[in-house]
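Colleague: Annotations per TrEMBL:
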type   : residues : note
DOMAIN : 2-104    : domain 'RWD'
REGION : 105-129  : region 'Disordered'
Amino acid sequence: LDEIEALSSIYGDDWCVVDEDEKIYCIKISDCLEQPKWTLCLQVILPPGYPTAEPPIYQLNASWLRGQDYMELASSLEEIYIQNLGESILYLWVEKIREVLIEKAQSSDPAEPDNKKTSEEVDEDNEEDFLLNYQPVQEESVKMLDFITSESQEDEELPLIQHGNPITDRRSTFQAHLAPVVTPKQVKRVLEKLYENKKIASATHNIYAYRIYCEDKQTFLQDCEDDGETAAGGRLLHLMQILNVQNVLVVVSRWYGGILLGPDRFKHINNCARTILVE
C-alpha cells in the first residue's frame, strides 16, 4: 500500500487504478520530451504474494513494441525482478522503461515509432494466399507441454510449431499457431521463425501470449502482445490462465478483410486459441 501511494504521488495523472480490489494498475510512460515521441503503457497485477514471494503480472502495450525490442525490454524487467527478489520493484520497472524510451528518442536512428497500426486495418490481400496448411497437433507435442524449466534443461533448439485450423468470417481470417516453450529465448526463436513466413509477417495482427512455469521459484513467467488489436493479448493470456496451461506459446494471426467485425473478432481469436490448445 505504501508503494502504491508513493507511485500515485510520483506519477500523478499518468498513474491509473484499473481495479483497486484486484490490485490492477496502469501507468503511461513517455520519453520525457515536451512532445513525447515514444510512449508505452505498463499494466500490472499485484498478486497476494507480492513483493515477498510473487512477481507482478505485467503487460507492455505500445503499437511499436514487438520483436527484438519487446524481448529485450521484457528481459530487462525480469532481470530487475531477479536482482531485487522480495523487494518492491514497480518504480525500478517504470524508470527502466523510461530509460529505454529516452534512449530511443535520443538515438540517431531515424526510425519512427509505428503508430499507424491500429485495430481493423484494411488488408486487400487475397485470403486464399496466406493460409498455412492445417496440421493436427500430435500427441508427442502435447506431452512436451509438461516440460518444466530449469537451468540444466534449458534448450535453445527451435520447438515444434503447430498451425491450427483457420476461421474466416466476413473476409477476415484467423489462424492460431502453437509451440511448447520452457524459456523466454525459445519464445523469441519461435516468434522469429513465424515472422520469417511472409504470410504471417504480413498479417494485420499477430497476437500472442505465453506462460512458462518456473519450478525453482514456483511462479509463472508470462506475457502477451496485442500487436495493434487492443486488449486481444490480455484476453488471450486470460484464456490460457483459465485453462491452466503452462510452458506454451500461442500466436493468433488475423488478416483483416475490410469489414468490421466488432466484438466477434475477440470470439474468433479465443476460439482459434482454445481449439489448438485442446488438441
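Using the three backbone atoms N, Cα and C, a Cβ is placed for every residue, glycine included.
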Colleague: Return the average pLDDT for the domain 'RWD' (2-104) as a whole number.
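Modeller: Summing pLDDT over the domain 'RWD' (2-104) and dividing by its length gives 83.
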Colleague: As a quick check of your reading of DSSP, tell me how many residues in the domain 'RWD' (2-104) are helical, how many are strand and how many are coil.
Modeller: 45 helix, 24 strand, 34 coil
